[in-house]
Amino acid sequence: MGCIQSFRQCCDRPKNTNVRISLPAVCFVWQIAMIILFGIFIRYNEESDAHWIEHKTSNNISSNIENDFYFRYPSFQDVHVMIFVGFGFLMTFLKRYSFGAVGFNFLIAGFGLQWALLMQGWFHSLDPMDGKIKIGVESMINADFCVASCLIAYGAVLGKVSPVQLMVMTLFGVTLYAVEEYIILSLIHARDAGGSMVIHTFGAYYGLSISWMLYRPNLDQSKHRIGSVYNSDVFAMIGTLFLWMFWPSFNSAISDHGDGQHRAAINTYLSLAATVLTAIAISSLSQKTGKLDMVHIQNATLAGGVAVGTAAEFMLMPYGSLIVGFCCGIISTLGYIYITPFMEKYLKIHDTCGIHNLHAMPGVIGGIVGAITAAAASEGVYGKEGLRNTFDFKGEWKDMKPTQQGGHQAAGLCVALCFGIGGGIIVGCILRLPIWGDAPDNSCFDDEIYWELPEDEENNPPTVEYSNHMRNKAVTESNVSLERRQN
Amino acid sequence: MGCIQSFRQCCDRPKNTNVRISLPAVCFVWQIAMIILFGIFIRYNEESDAHWIEHKTSNNISSNIENDFYFRYPSFQDVHVMIFVGFGFLMTFLKRYSFGAVGFNFLIAGFGLQWALLMQGWFHSLDPMDGKIKIGVESMINADFCVASCLIAYGAVLGKVSPVQLMVMTLFGVTLYAVEEYIILSLIHARDAGGSMVIHTFGAYYGLSISWMLYRPNLDQSKHRIGSVYNSDVFAMIGTLFLWMFWPSFNSAISDHGDGQHRAAINTYLSLAATVLTAIAISSLSQKTGKLDMVHIQNATLAGGVAVGTAAEFMLMPYGSLIVGFCCGIISTLGYIYITPFMEKYLKIHDTCGIHNLHAMPGVIGGIVGAITAAAASEGVYGKEGLRNTFDFKGEWKDMKPTQQGGHQAAGLCVALCFGIGGGIIVGCILRLPIWGDAPDNSCFDDEIYWELPEDEENNPPTVEYSNHMRNKAVTESNVSLERRQN
Amino acid sequence: MGCIQSFRQCCDRPKNTNVRISLPAVCFVWQIAMIILFGIFIRYNEESDAHWIEHKTSNNISSNIENDFYFRYPSFQDVHVMIFVGFGFLMTFLKRYSFGAVGFNFLIAGFGLQWALLMQGWFHSLDPMDGKIKIGVESMINADFCVASCLIAYGAVLGKVSPVQLMVMTLFGVTLYAVEEYIILSLIHARDAGGSMVIHTFGAYYGLSISWMLYRPNLDQSKHRIGSVYNSDVFAMIGTLFLWMFWPSFNSAISDHGDGQHRAAINTYLSLAATVLTAIAISSLSQKTGKLDMVHIQNATLAGGVAVGTAAEFMLMPYGSLIVGFCCGIISTLGYIYITPFMEKYLKIHDTCGIHNLHAMPGVIGGIVGAITAAAASEGVYGKEGLRNTFDFKGEWKDMKPTQQGGHQAAGLCVALCFGIGGGIIVGCILRLPIWGDAPDNSCFDDEIYWELPEDEENNPPTVEYSNHMRNKAVTESNVSLERRQN
């Protein structure tokens with residue numbers, strides 16, 4: 001801790017927010033690197049290659065509709081909307097950081113998905129025949145998933161970092177993600193359709209650890225900019241609703257064709273519906289006169305989708321989904337009321353969007369629910385074929401038992417936690433270097449630093465108090481001058 | 001009428017808008033009830049159950065793509081967007097009720113869809129073998145449809161009721177919906193793919209009757225809050241456009257696989273396009289200098305989708321769809337200009353969103369168009385197989401003739417009307433009880449009552465008039481005090 | 001040029017912006033014409049007709065899922081969102097023209113798609129048996145595509161034309177589009193899945209030519225209204241993101257079933273990701289302190305989708321897509337910085353939305369990329385079957401070679417350019433007639449002219465300067481009056 005403290009101090013030099021060299025340099029270098037690596041490694045898979053027509057004949061595929069594109073593309077588009085509009089607009093709630101929320105979200109997602117295609121490709125879809133990565137619609141969904149974990153992490157540091165820091169954070173975030181995903185899904189053979197562990201737990205703890213490393217003791221200098229205004233809260237609801245509505249697609253996008261996708265969508269739909277009611281109930285309870293708080297509506301209503309992620313494709317049963325959503329709505333809302341202030345005050349972790357309540361806790365719950373549901377699976381409920389199919393008890397895992405699978409699920413959760421916290425601390429150290437152009441403590445949460453703002457009247461609307469004050473002052477002065485004149 | 005009047009008076013006690021006990025209580029009790037009932041009754045159907053793989057083999061289904069999920073899931077997601085973003089944002093047009101519009105829409109939809117799964121399940125998909133309701137993607141669409149009728153009703157009372165009242169209204173609304181749907185679709189054997197009768201006519205008259213029962217003679221105390229502001233009108237256009245764009249999915253979501261869904265989408269697409277032109281034409285005609293009114297653009301442009309609902313899957317012909325849209329654009333816009341003020345003044349029905357023009361009238365027209373189109377159906381146009389398929393002349397209805405079907409359609413419309421008006425009056429009586437925490441007449445259409453509002457400068461922007469007034473007053477006072485001083 | 005000049009002068013009479021007769025007249029006449037023409041010409045195709053069930057049997061189609069509806073409907077809905085929300089909201093960036101942006105976009109799209117179904121139907125899907133146009137889901141996508149070209153053109157004249165002019169512009173635009181599309185796709189046999197040439201090049205040059213013909217030398221009288229405000233920029237990001245996210249659906253919507261659609265989606269996804277990074281890099285480089293400009297983020301990030309349009313279904317290779325996106329992000333952003341001001345100053349072309357940078361240049365690049373990619377196609381890369389399939393070397397074109405195809409692609413690009421520029425000049429002449437109700441030079445970019453605006457406080461928010469000025473004036477006057485009184 002002492003070491004971290006001294007490292008922190010050594011990094012606290014005066015801030016220069018000019019990113020005119022660093023941001024374009026990073027963008028160009030990384031994009032050129034992507035082109036070269038894509039040129040070397042990435043090719044179409046057999047379903048998106050022009051040889052598909054021959055592949056179809058030789059594999060006795062009766063119709064083009066059997067192409068994976070038609071199974072997954074609608075879900076892909078929904079996930080895509082969640083990444084860019086959902087996460088982007090969810091973060092517009094700050095009164096003067098909407099450009100940064102939507103714009104930097106766009107930037108890091110645009111970069112992250114390319115790097116994710118490469119990293120995930122090396123681990124998962126490297127063709128041993130020619131050493132190439134073969135991509136298709138499922139690769140695009142997985143890339144979007146990977147990016148989601150970095151956008152979750154962005155939520156913790158929203159308004160406090162520069163776009164260059166975000167790019168670095170995404171580069172390492174995607175890399176760590178690909179490794180932990182490979183360990184959890186392939187080595188440990190845990191199942192995680194909706195990514196409660198792989199995406200949410202990892203992403204949230206990654207972001208929180210970075211936020212802890214970048215702790216700003218004097219952030220209260222920017223306190224007046226942390227709140228929302230009426231319109232920014234409505235904009236944020238666009239993000240909330242698109243996340244909420246398309247979450248069934250998120251959790252079902254890469255699950256098994258047929259009943260797997262079908263069941264994952266139903267479970268998520270139900271879990272989210274239950275969360276809305278309990279989040280609103282706790283929000284109302286927390287205020288003297290029962291008024292609702294937009295922060296809870298915007299965030300806690302989504303916790304059910306996170307928590308049902310791992311178990312979405314299992315036979316969780318409709319009432320099981322409702323129970324998961326029920327609990328998470330309560331826990332997440334209580335988190336916003338009690339845990340976020342606690343973490344800021346005592347743990348020195350400032351969490352702008354409250355990702356601990358929306359992703360970290362529900363993600364861990366989701367991992368646990370997944371482990372329990374897997375351990376409790378039986379042939380009676382799933383059918384013999386169904387059990388093998390759902391848990392992929394094939395190949396080297398063909399003798400696995402559901403109880404064992406439960407253990408593997410729990411192990412997967414631990415890996416996600418370790419990668420999130422460990423990776424976040426290391427990347428946080430790198431991001432403390434005083435070369436990234438982040439804002440000084442009194443200019444956080446302000447688009448002014450990185451954006452050309454329109455010179456509009458509404459930028460600094462005169463408040464009634466302000467103009468009254470000014471007027472009174474002027475009138476007083478006029479009186480004074482009059483009195484002087486009279487004397 | 002006298003009886004209703006005296007009941008009204010007995011209910012007009014001083015208002016207490018504190019919902020801190022009632023709202024959480026209702027949310028928790030109902031959500032727990034849902035969990036218990038789901039536990040007892042609701043299971044996955046054969047297409048979302050892990051036994052699908054065995055079902056597939058035993059039913060000779062060649063591919064997973066035959067799972068109903070792939071026929072209906074894209075439409076489901078579109079409908080889902082209409083429910084949450086479409087209806088939610090359409091109602092944000094009021095200058096200070098955007099939180100209530102989007103937030104309460106979210107609350108009642110989240111609850112309503114769970115209750116709808118149960119109610120519709122008992123009537124439509126109870127498995128006689130084990131007494132369980134089996135749900136799949138079609139159940140989710142139907143639940144969303146059911147919720148739509150309650151959200152339509154919400155439009156009539158927007159800004160005038162408390163969230164607790166909305167929950168009660170939804171509980172009864174869903175119940176009534178399930179019964180009338182069962183009568184219309186199963187007992188009467190009317191067809192209603194897009195729900196002109198079942199959803200729109202019922203929902204609108206349900207809401208209007210409630211609004212009539214809850215009539216507030218002194219609502220003009222809140223008159224200054226009924227208008228829109230520039231940004232709130234743009235937010236409302238988000239709702240309008242997502243409703244408009246996805247209406248083809250709404251009307252085709254549960255129609256027959258293949259040509260049924262295909263035709264329903266085309267008919268709706270065309271009808272809506274025609275509505276846009278006539279709504280804009282009448283809007284322009286209604287103003288001295290031909291200016292357009294946002295209220296008409298936001299609402300009347302959607303009337304064509306409502307009116308083509310019942311007949312969408314019939315052979316309405318492309319020009320038939322255009323004619324329906326053409327007429328409804330005119331009628332709906334004229335409704336906003338003439339009928340809404342008339343209803344408020346003479347019938348004592350205050351209709352905040354004008355659902356009479358957008359849902360009630362077009363819904364009835366849609367029912368009539370459906371009856372005529374059904375009665376005019378012939379084997380020449382549909383083909384022998386096609387006629388049987390489209391109108392489901394199978395089983396006990398196998399000897400039905402199109403003319404008879406026309407009669408049944410008309411009967412269905414009457415049932416929807418009766419349930420809407422009758423149900424609305426009864427539920428309206430219940431909602432008049434002075435225990436629900438609704439706002440006093442001078443605080444309607446104000447988020448202040450039920451929401452923690454951000455303390456932002458823009459909350460009460462000083463108007464030029466206002467600040468002039470204040471300034472003049474201050475200056476006058478300074479003059480007065482000066483004159484006093486001079487004396 | 002002299003002739004054009006004198007024609008211009010003869011048209012410059014005092015402006016009357018009353019459209020109360022003309023707008024409704026145009027809407028009604030054209031909508032009635034549509035109904036009549038649809039009645040005569042348009043019928044359902046075999047996949048949306050009730051005879052589908054018989055067609056299925058007689059054509060040995062095993063399942064309803066083979067209906068084209070299930071191949072294309074999800075893409076259709078995405079394209080539909082791009083047309084109405086994407087283009088509509090992209091243009092809301094102006095501080096006082098959001099109603100006009102979204103509303104007129106809605107109007108011309110609603111009309112345009114009907115006329116497009118007819119025009120495209122006459123050229124492409126006229127059934128020789130009965131002289132009827134048979135429509136299905138692909139016709140709806142093509143109609144939306146056609147409308148897109150008119151909406152692109154709208155971008156150039158945004159805020160400077162009346163709704164009646166827009167309707168005229170759309171009528172001719174759709175007509176020209178249908179002819180050039182027929183020439184390019186059918187006569188020349190060029191391929192253009194995403195419409196780089198047919199949609200973007202044509203649409204952009206059509207709009208720019210019209211804007212040139214309608215040049216207003218005194219437009220600086222409306223200069224103060226050309227900028228954005230904070231919230232209007234956030235609204236515009238809704239448009240940007242929905243265009244960006246759904247562009248893969250746009251480029252793949254009408255390409256070949258199976259690998260064609262799959263590959264088009266992947267190529268577009270990658271190209272757009274690369275564009276984001278280079279657009280942001282150049283935007284940052286162009287400002288002294290590296291700040292980003294919202295204009296570039298809103299527009300230039302989309303250029304990659306335009307430029308990859310033609311080649312999207314070819315074997316462009318993932319790295320090829322990245323390169324196209326890389327270049328277009330740079331070129332488009334530089335266009336906004338250097339070319340748009342140049343065009344306005346020296347070429348007398350005022351381009352409100354900068355469509356030259358977003359659609360014209362990337363469209364031409366897309367045409368060239370398509371020609372090169374086609375010319376370079378080989379059996380080694382595509383496979384024998386794949387080559388024939390991808391380039392449709394069938395029927396009368398069965399002996400065509402890829403190099404020839406490259407020439408045909410280039411010819412197609414020239415046709416699109418000629419139709420755009422030529423058509424735009426002619427239609428621009430028509431639109432200069434002083435009968436269309438366009439706004440005077442000092443009232444451009446103002447919703448006030450064609451819309452009933454809410455009387456809201458925020459309409460004319462008092463600036464600090466303004467209210468200070470007013471206050472000082474008032475205080476001064478009070479002093480004066482006091483001094484007078486004292487004398």
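Note that Cβ sites are derived from N, Cα and C of the backbone, with glycine treated the same way.
Straight from TrEMBL, the features:
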- C:21-42: transmembrane segment (TRANSMEM)
- C:67-433: domain 'Ammonium transporter AmtB-like' (DOMAIN)
- C:76-94: transmembrane segment (TRANSMEM)
- C:101-119: transmembrane segment (TRANSMEM)
- C:139-159: transmembrane segment (TRANSMEM)
- C:166-185: transmembrane segment (TRANSMEM)
- C:197-215: transmembrane segment (TRANSMEM)
- C:227-246: transmembrane segment (TRANSMEM)
- C:266-285: transmembrane segment (TRANSMEM)
- C:297-316: transmembrane segment (TRANSMEM)
- C:322-339: transmembrane segment (TRANSMEM)
- C:410-433: transmembrane segment (TRANSMEM)
So are the transmembrane segment (C:166-185) and the transmembrane segment (C:227-246) touching or not, going by 3+ C-beta pairs under 8 A with a sequence gap of 6 or more? no
Run the contact check on the transmembrane segment (C:197-215) against the transmembrane segment (C:101-119): 3 or more C-beta pairs under 8 Å, excluding pairs closer than 6 in sequence. no
Criterion met for the transmembrane segment (C:139-159) and the transmembrane segment (C:101-119) (at least three Cβ pairs under 8 Å): yes
Report the listed stretch (C:21-42, C:101-119, C:227-246, C:322-339, C:410-433) having the maximum count of Cβ pairs within less than 8 Å of the transmembrane segment (C:76-94). C:227-246
Check the transmembrane segment (C:101-119) against the transmembrane segment (C:227-246) for contact, please; criterion is three or more CB pairs under 8 Å, pairs 6 or more apart in sequence. no
For the domain 'Ammonium transporter AmtB-like' (C:67-433), what is the mean per-residue pLDDT, to the nearest integer? 95
